[in-house]
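*Asks:* Mind having a look at this structure? Questions to follow.
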Amino acid sequence: MTGKGPSLARAKRMIEKENRHKKSALKRGDLDAAGVFSETQDPEKLEQQLRELRIKKAQQKLHHIRKQLRKLCKISRVFQVQKVNKRIKSNTAKLGAADESVKKDIEAALKNDIVQVEILKNKADLDRCADEAVNMLIKSNTTIENYIPLKDIPRIGDDINDAVARILDHGPIKTLIKEMSEELVVLLEGKSKKSAEKSESKEKENIDSGISDDDDDDSNEKSKKKKKGLPTVASTDESMFVGSLADFASDNDDSDISISDYDEPKKSSKSSKKRKRSKLDSDDWVDPKFDEIYGIGEKKNRPGQRQRQKMWEKKFGKDANHIKLRRKEKKEKKPLGGGGGDRQINQRTKTMESSQATTVAAGPFKNKLTETTSSSKNIHPSWELKQQQKQKMANAKPQGTKITFDDDVGDNKDNSENSYSRRGSNYNNNTIMPKHHKDSSADTPTNMHPSWAAKVAQRRKLAELQNSSAKKSNKIVFDDSD
């Protein structure tokens, strides 16, 4: 039996609950031995029981409301103490700069404030404040007063009563009292204010519907009389009015007025009459062109530039702004005197002048190094020496661009293999002779690449020149002193 377990358990629980209710009702005497409600029971007793139950429920509700009010009273007492302390501070600050005539008043105010702080802290009990708030709630509505009695609070001095009144004069406490009074009224009477208002409005609607039904009956009677051919008061008035019109328009045959137009029965319904009444009741004036003026209807797209120009031409004619601009542009384009040939010549001359001006502005070509040395005056001396050295190297004649290895010069062949010479400022360490090449005077091998063979031949010539010049060292020395 899958799926029937929980439903059976639920049914058993419901039956047990009903049996319990019957037993309790039998004890009270509401049911007979057969388990049927006794019809002979007095309805007044039932009302009294219901009233007692409502009062109990309201008292329970009041107990919880009292707790909330006590919390709010505690918060408001703290605020009141803070206010009085601020006043004391301000008065003490004023005492130093005040005159003797004013000092007495300030001292009296200070004493009074100190007493109030002591009363608020020690003598103003929160339970007393909560009871006073509950009494205020009961007094706020007469229905609550009829059902629930006020609490007896012992009287104390006026100072304490004033302090309690100041604590209760707090916004949240007042709002809570208003809300809870409405809830208590609902508990005690069983109806809220809203439901009472709804019932009153329904009664008014019923009265209005009765009046409208009478009007409908009158209209039905009129329509029946018209069908039978009996003249009514309204129809006689209309016939007299139409007759006078006929006498007036006897000369003209084109008169469109006919008696049949006035004899049409006026259909009326409850909904239409209610709408008319609601419209008549509202005294507010409604503007028929409100939607058009304030743009509640469909929004139109903004017209384009050409459409707007056409509109402006229609409005202003030749004085439109875009037409004025066109005239100005035409005047500026026209030459002062002459045809098209002169205009072309003028344009050419203008272009030539502009090109000449650019060339003059550019000036002749100058070396960057000279410009930098002349323009920069505040240069560091080391940097200036370096620039001078570069200028000398640039002005010197180029003696050679390649790095040569002197293999024949010197006693040691190993040193001659690693030795190299510099030619001018162009120093290149990329071209190094291979290690297997020991004898530079040997013939070039046949398997050597032609470019490499040319380099080897060039090196030989350079070596011969160096040997002939009888230099002592293989290194090149740069004379920076020049």
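Heads up, the Cβ atoms here are built off N, Cα and C, so glycines get one too.
Pulled from TrEMBL, these are the listed features:
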REGION    1-43  region 'Disordered'
DOMAIN    62-406  domain 'Bud22'
COMPBIAS  191-207  compositional bias 'Basic and acidic residues'
REGION    191-233  region 'Disordered'
REGION    247-482  region 'Disordered'
COMPBIAS  268-278  compositional bias 'Basic residues'
COMPBIAS  279-301  compositional bias 'Basic and acidic residues'
COMPBIAS  310-322  compositional bias 'Basic and acidic residues'
COMPBIAS  323-333  compositional bias 'Basic residues'
COMPBIAS  344-359  compositional bias 'Polar residues'
COMPBIAS  370-379  compositional bias 'Polar residues'
COMPBIAS  417-430  compositional bias 'Low complexity'
*Asks:* List, by number or range, the same-chain residues at least 6 past the compositional bias 'Basic residues' (323-333) whose CB is under 8 A from its CB atoms?
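*Replies:* Residues packing against the compositional bias 'Basic residues' (323-333) from afar: 313.
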*Asks:* Which value does the mean pLDDT take for the domain 'Bud22' (62-406) in this predicted structure?
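*Replies:* A mean pLDDT of 72 is what the predicted model shows over the domain 'Bud22' (62-406).
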*Asks:* Let me spell it out: take the compositional bias 'Basic and acidic residues' (310-322), skip the flanking residues so only those 6+ beyond its ends count, and list any with a Cβ under 8 Å from a Cβ in it.
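*Replies:* Residues packing against the compositional bias 'Basic and acidic residues' (310-322) from afar: 303.
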